[in-house]
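For reference, Swiss-Prot lists these features for the protein:
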ACT_SITE  Lys78  active site, charge relay system
ACT_SITE  Ser153  active site, charge relay system
ACT_SITE  Ser177  active site, acyl-ester intermediate
Amino acid sequence: MEIFDLTIHELHEKLKAKEVSSVEATRAMLDRIEAVDSQVNAYITVTPEQALVQAEDADRRIAAGEIAPLTGIPVGLKDIFVTKGIRTTCGSRILENFVPPYDGTAVAKLKEQGAVIVGKLNQDEFAMGSSNESSYFGPCKNPWDLSCTPGGSSGGSAAAIAARTATATLGTDTGGSIRQPASHCGCVGLKPTYGRVSRYGVIAYASSLDQVGPLTRDVTDSALLLGAVAGYDPMDSTSVNTPVPDYVASLAKGVKGIKIGLPKQYFIEGLDPDVKRAMDEAIAMYKSLGADIREVSLPNTEYAVATYYIIATAEASANLARYDGVRFGHRAEDARGLAQMYSKSRAEGFGPEVKRRIMLGTYALSSGYYDAYYVKAQKVRTLIQQDFLNAFKEVDVLLTPIAPTPAFKIAEKLEDPLQMYLSDIFTIPVNLAGTCGISVPAGFSAAGLPIGLQLVGKPFGEQEILTAAYSFERETQWHLKKAPL
């Protein structure tokens, strides 16, 4: 097994035993990126010089006996996290040359532990997309089948795990942007409860929905990485001040006697037969492990996609107003006057999907439509949140598909934005409810593409979903399969 194949906890043990140094592990990862990333396009920016300096520092820490779970581990970051001295583009032309003067909180926490940041990962522009095709830096490809998308918007973060060009990565999830690519690329992706991880230093798409989370090779790594980045941050007013439990300690508790709910609105006509088979096998597996399986109802699910695309686009229209060519980002060269500079800079800097969403959001917030769309969507969001709280009075965890189909072909849905939007139908409600969800590898389609299983927990119920995911992973071993790169 190569160094780049190892999980966080496996590499940690080797670093601790001094069987390998962080510099060796980092060099191995940088060589792997050079060897395969031209096929995958998971990275927008690779940072070999900074990474090797960080690796040398990690080796000094290890020699001094100061080793944390992430010390010396090569990590990739979605290019939505601001990184001091490292270009941060958010997948957009408008930020093509933006170099931030500070680190976001999640990045700072990784650096505190001595993690090594090897680069910034490809994504849909401003995290708006489900396929990584809206990136100004070209589409990222799925390592399991290079003609398919890796999912999105954290496509590069998932593809780097599958291609073994990062030991672990961080992404963000606004409507499924960690869980859906994790499912399509056969890795573990966790969206924590809203407020569990600081959003300070995350370029905003939809501020009431965005949440930072880990993408990893297995559930133990997910628990380790979440533990490293979670916690209260006074710099983020939506961060919640509750203690961070030891997520790893409770992994092996098992699922005997836990109540798992199957929302009937999620097991619908039109589910891909391979996805349905994987879900049926997962349900049977949990039954055999002693879980109590029962049907539950989330009656407002049918309104979730419409609700999301009003709230998210409205927030995006406000958040993206700051990109006007004045203080940072792309500025049009030949503008005559201020108004033309604003409009030309934005017209040149934003891609078509971002423009579409800004227009949708501006329309939903405009006078005469605000009550009919935005206010109504917020009311429906409250009903969706209540659906989840009602379901969690009866069960501990919900089990659902992640996506209606496995990964789709590049360009297959580009002509029909509505089809693309519907690919997040099973993940969006979790963001609207503000609770937590995890994607775990659950099998493969007939074409050999990965299929993920979603486990949804109560607000701040990350321990329960990690435990349930770990029990499933231990029995199935799907996570050990490797993409043929």
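The count begins at 1 with the first shown residue.
Glycine is treated like the rest: Cβ placed from N, Cα and C.
Owing to the predicted nature of the structure, the values given are computational and were not obtained by experimental measurement.
Describe the structural context of these features.
The Cβ of Lys78 (active site, charge relay system) lies under 8 Å from the Cβ of Lys120, Leu121, Gln123, Ser154, Gly156, Ser157, Thr169, Leu170, Gly171, Thr172, each of these being in the same chain and 6 or more residues away along the sequence.
The Cβ of Ser153 (active site, charge relay system) has Gly91, Gln123, Asp124, Ala127, Met128, Gly129, Ser130, Asn132, Gly171, Thr172, Thr174, Ser177, Pro181 as same-chain neighbours under 8 Å, each 6 or more residues away in sequence.
All chains included, 37 other C-beta atoms sit within 10 angstroms of the C-beta of Ser177 (active site, acyl-ester intermediate). DSSP assigns Ser177 (active site, acyl-ester intermediate) to coil, not to a helix or a strand.
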State the three-class DSSP label for Lys78 (active site, charge relay system), counting H, G and I as helix, E and B as strand, and everything else as coil.
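DSSP call for Lys78 (active site, charge relay system): strand.
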